[in-house]
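Enquirer: Structure in structure tokens, see below.
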Amino acid sequence: MLTRTAVRRSWRSPALAAAGGGALTLAFPPAGLWPLAALGPALLVLAVVGRRPRTAFALGTLFGLAFFGPLLWWLSNLGLLPWIGLTVVQALFIGVHGVVIRALLGLRWWPVAVAASWVAIEALRGRFPLGGFPWGRLGFSQADAPSLQWASVGGVPLLSLLAALTGSALAWTLLSGARRRTALVVVLGTGLVWMGGGLLPAPSSSDRDLTIAVVQGNVPRGRTLAEQVRVRQVTQNHAEATLKLAEDVRAGRVPAPDLVVWPENSTDTDPRGNPVIAETIRSAVQAIDRPVLIGAIVRQDGRMFNVGQLWLPDRGAVAEYAKRQLVPFGEYVPGRSLFRWVQQLQYIPRDFSPGSGDGTLDAGGTRIGDVICYEVAYDGLVRSSVVAGAALLVVQTNNATYMLDGQRGETLQQLDMARVRAVEHNRPAVVASTTGISAVVRPDGSIAAMTEPWTQQVLVERVNLRTTTSVWLSPWLELFAVLLVVAGLGAAVAGRRLRRADEPAALR
């Protein structure tokens, strides 16, 4: 018969794991309580301590379900199956992390090793399976935190490492029985390093500014892409907003932009094969008389691409960037024959093909780095544009499907990613969305201007272009984290074997 104490103990670890996952969700938008990025990892450590590996895996998975379930609830707009499937897959990675934590807790330096494990598991799930899913990395929760400026040194991995290390230090003080003064010094010291990013010197500005116009044309509300782009309404909305911008410029109400940005899917077809759509875009470009980056669907050699397409006055479409990191089950269906029973996949009758290149386009003498939608979550894609000379980061996105029930989680989470990227690469960033939230972000991650969802708005802002590149340690930090975890696991196994060897045979 279970005693009350035994019952309480049996529920304590699951409660800690679930609470930790829920707390970590609140670190991200729409709540945005960024200090909880340390509390969540701390509670996971407390949940798995003293547990068997199998139980640690279950507790880690529970933490992952409590974290990713609410974080990705916006995905339920596509149906419960996509939301459940992605949540479970990502939660299993945290389950593995739980086992690793349990193994590392026997080391004297386990707080560092456990923090490194967070970075390592984020690197793993950001690459596998099917190209990975880097959403929900600890570092992406820090857009409003003083720690954000650390991104200029080590990118998202360093932000994640510092948050996880603070959480590990908090757990250590509760588990070690250290004196109150010692515990206070450890937690405060780690926390001060975490928050110390705000003390880093700000990068110097350049002598070149650029005036940008971000057009949010809005779309009809609908559950499917076909409903959202019916009767060419999306293209017409963005063209009309651009024509009104041209009128405002001529009237002197707003300054003339140097570049105009439309969002992803701002036209639902290939303008080169649709004279009506092409003329609609051309008229808007001629009216504003500036380079305009639109979003289009292009067909070439029997393949289909999701592109950012640059239009110039009197010349039409002159350059394209094709999305490189496609969304599994969103833009293509891996193993399509195995999923014929999934009704929602009827809305993806054809697979998109991935593009190539570095994402840069020359827009009237300004080199811009374009990424489309959730590509902003991938470290290497954004960096490739900066290395190739991009002075401005552009994120073209279409968030309409994920906002149908009034949610803002997906678009706000994506905006915070763009803010982190701006600091990471010392570049201004532009987010152009069909339905919102669109924004102009300064190189320090602050928001110069942003729109409201489900409205037609145009932002006109002046940003300072930067050409110097920040120190980019992201891939090396990830490699260091993986090697540190491997070394820690090796040391844990070796230590266990030594202890067993020292035991009397009768006790084995």
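Any Cβ shown, glycine's included, is placed from N, Cα and C.
Because TrEMBL annotations are produced automatically, they should be read as predictions rather than curated entries.
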Enquirer: Could you check which of 182-202, 287-307 is flagged in TrEMBL as transmembrane segment?
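Expert: Among 182-202, 287-307, the range TrEMBL annotates as transmembrane segment is 182-202.
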Enquirer: TrEMBL tags one of 80-100, 374-394 as transmembrane segment - which one?
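Expert: Based on what TrEMBL states, transmembrane segment spans 80-100.
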Enquirer: Any chance the transmembrane segment (31-49) and the transmembrane segment (148-175) are in contact, meaning at least three CB pairs closer than 8 A with a sequence separation of 6+?
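Expert: Per Cβ check, the transmembrane segment (31-49) touches the transmembrane segment (148-175).
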Enquirer: By Cβ distance under 8 Å, which residues at least 6 away from the ends of the transmembrane segment (80-100) in the same chain are close to it?
Expert: 17, 21, 44, 47-48, 53, 56-65, 67-69, 72-73, 114, 117-118, 121, 124-125, 129, 133, 136, 329, 342, 344, 485, 489
Enquirer: Below 8 angstroms Cβ to Cβ, which residues of this chain, lying six or more residues outside the transmembrane segment (148-175), approach it?
Expert: 37-43, 45-46, 49, 110-112, 114-116, 118-119, 122-123, 137-142, 183, 186-187, 189-191, 193-194, 196-198, 200, 202-203, 379, 419-420, 423-424, 426, 444-445, 470-474, 477-478, 481
